[in-house]
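A.B. asks: Before I ask anything, let me first share the structure, which is written out below as structure tokens.
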């Protein structure tokens, strides 16, 4: 999790009580920039082909084991003799397919791209088309400038045309090239979409498609779903969703991984966009894939479901009905900390719903693994778990909050008051305050105060009154004077705090409503 500059920034982006009720009900928005970024275990944006594709008669032209110099390559592709095109293009492709330091920049600078694009149109020479498409694929796997050079030479339309080639390797190489172009960013992605590539790509998906070919098609489709500034157009999304749903039923882990990543991109947005995916009925399958032992499948399926539960309460309920709460407890205990973190993040958004959702969390025995994370998890995981508890306390009924206390949540929360993260400390103090308020409604405040004292919480909170951060110091002071002060039984009043203080805003809001009221979205 990146360090945020102010509590308000976190509150602005997350379902949590720091906002007023109407803003909080609008939507649940993904918070963690680090969770949203592409990681090394995520699919690559672009890929270079350094090995030959599956055999195809079109590509089985015998070649001499002669290496051409760069100048000979340049002369060959620009020659008047068509017989020189193939060996020169193949030699260029081999240079670009070197595993280390391929001369992408040099090939662009000497002006080979326009000729390679022309060779894509040589329908009578599929071997030449294949080599040209392969060379362009590898150039497009480079920098944005190099990818753009391929596009500006007019490659997209002939590549789309090759998606209908009768020669499988030619067709597959065109798929790969278009995937690299689409992966460069939203502008070139939309260029590929506007060139009518999607219907041709979808036509390539069938039960008889060879697995390596199907993997490339799925990866290219996922790149056409990627990026959100702007998002892909609604028409394109609606075209792709049925095929992505179909691919989600495949058994190959690479196909499943890229299909899940595609859906994760499509659900990383507004409730309307989430709704398009939910309406396809894929949630039960996504939840099933969350139990996969393969990280390349588990990670994007969890990400997608995590995105979905940032949506409306109805969308979250569909995820609950699909069984997500039966899987999350196991993922909270996963050996990989980044899986624990994503699971805690998903849980925190479920906990930010109405009290009915919170009751389902309790029923599915989520609290024990959540408390275990607070005690023993990596600090980044602990922070997500704290947000889950914060959402739980602000949306739950008084009875549900008592169950939270009985789960043992106070001990790790008290211990975490010693951390250096001021934003998290403020949240923990607010959670403790909220629990004390709930206990007071049941005339159990004295018992809760004794428990906090036994856990060393009073000493920690008293020490925080001297904290250099004013929010922390004032919040700690409020807790001590209102709940542990000598005059508490005589009705000690709140200290005269700044009216803009976050804790006071929250307390006023709490006093104007009951904790048992469900938060219904408008």
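A Cβ is built for glycine as well, from the same backbone N, Cα and C atoms used for every other residue.
Where the annotation comes from TrEMBL, it is an automatic prediction and has not been curated.
Not measured: the values here are computed from a predicted model.
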A.B. asks: In TrEMBL, which of 41-63, 64-86 is labelled region 'Disordered'?
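C.D. replies: That would be 41-63, per the region 'Disordered' entry in TrEMBL.
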A.B. asks: At a C-beta cut-off of under 8 Å, are there same-chain residues at least 6 beyond the repeat 'ARM' (111-154) that contact it? List them, or none.
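C.D. replies: Contacts with the repeat 'ARM' (111-154): 46-49, 56, 58-59, 61, 73-74, 77-78, 82, 85-86, 89-90, 92-93, 96-97, 102, 104-105, 161-162, 165, 167, 169-170, 173-174, 176-177, 180-181, 184-185, 188, 191.
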A.B. asks: As a test of reading the model: what is the averaged pLDDT for the repeat 'ARM' (281-323)?
C.D. replies: 98
A.B. asks: Under the DSSP assignment, what numbers of helix, strand and coil residues are found in the repeat 'ARM' (154-182)?
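C.D. replies: With helix first, then strand, then coil, the repeat 'ARM' (154-182) has 22 helix, 0 strand, 7 coil.
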